[in-house]
Amino acid sequence: VVMADPSAVASKHARIHWLPLESNPDVFTQFAARAGCPLHRVNLEFCDVFGFDDELLMMLPGPAVACVLLFDTKVFDAHRETQRASGRVLPTTEGIDLFYIKQFVGNACGTIAAVHSMLNTPECVAAMEPDAPLAMFHAAARGVAAAEEGDDKAKKAAEAGGALLAEAEGLHAASEDSAAGGQTEAPDLGANVDHHFVAFVRGNDGNLYELDGRRPDGPVNWGPVKDGDLMKSVAEVVKREFVAVAGENCMLNCIALCRSG
């Protein structure tokens, strides 16, 4: 696969916006199916998370393998810039097999969070239909990542993957069709949206990673997933890094990708 320079792709797509996905489990499930990853085949489903206390997490139908979080950028962006310097973030494990891409297209954060969730979940990778948009993108992104060399190869691979997604017509169509089918009216295509999605996944090193395609510093390692319970570890991070920071201004929405049976 011959890749365009990521900086050129970023410039090309700087003023292009996709329709944002609604924070709705049905919309994310529809996107997965349209992209060629029918979750029901592997007993997975996207579910609403009604809160981060233990009794509310127990309402999930099964263990979570990943989740996506929606937050208000106006409230949290300044705080997030200081997180790595705080010492609370651990270094990313060298050589970890973590699928991560950068975001170049406006309002594509929900799509990227869904992609991050699915492509870091082995069951989803196994469920992908050959020659479907998600499988084709995954293969292409893996291919360009394997070709990268040097000390900054992880950064280059993330940029190359983001450039591929920006040009992925099949994923774009799946995302647009799913966004148009949400319960709330989709904003104008060029609208600037003040909310942003990130994904939380478990790496193959056993640590909880926050994946945000906008962050210049790449994946955020929040430390070991405790007792094998991803959502409890996510809840700790959300309470400390979001709820405690925003207080009464905290507006969050969370969807978990759960095993269902």
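Each residue, glycine too, has its Cβ placed from N, Cα and C.
TrEMBL does not curate its annotations; it predicts them automatically.
Because the structure is a prediction, the values reported are computed rather than measured.
Now, the feature entries from TrEMBL:
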{"type": "ACT_SITE", "residues": "C109", "note": "active site, nucleophile"}
{"type": "ACT_SITE", "residues": "H196", "note": "active site, proton donor"}
{"type": "DOMAIN", "residues": "17-259", "note": "domain 'UCH catalytic'"}
{"type": "SITE", "residues": "Q103", "note": "site 'Transition state stabilizer'"}
{"type": "SITE", "residues": "D212", "note": "site 'Important for enzyme activity'"}
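DSSP classifies the residue listed as 'active site, proton donor' as strand under the three-state reduction. Secondary structure at C109 (active site, nucleophile), taken from DSSP and collapsed to helix, strand or coil, is helix. When Cβ atoms from all protein chains are considered, those within 10 Å of D212 (site 'Important for enzyme activity') total 23, not counting its own.
In the structure as shown, the Cβ atom of C109 (active site, nucleophile) sits within 10 Å of 25 other Cβ atoms. Looking just at the domain 'UCH catalytic' (17-259), the mean pLDDT is 90.
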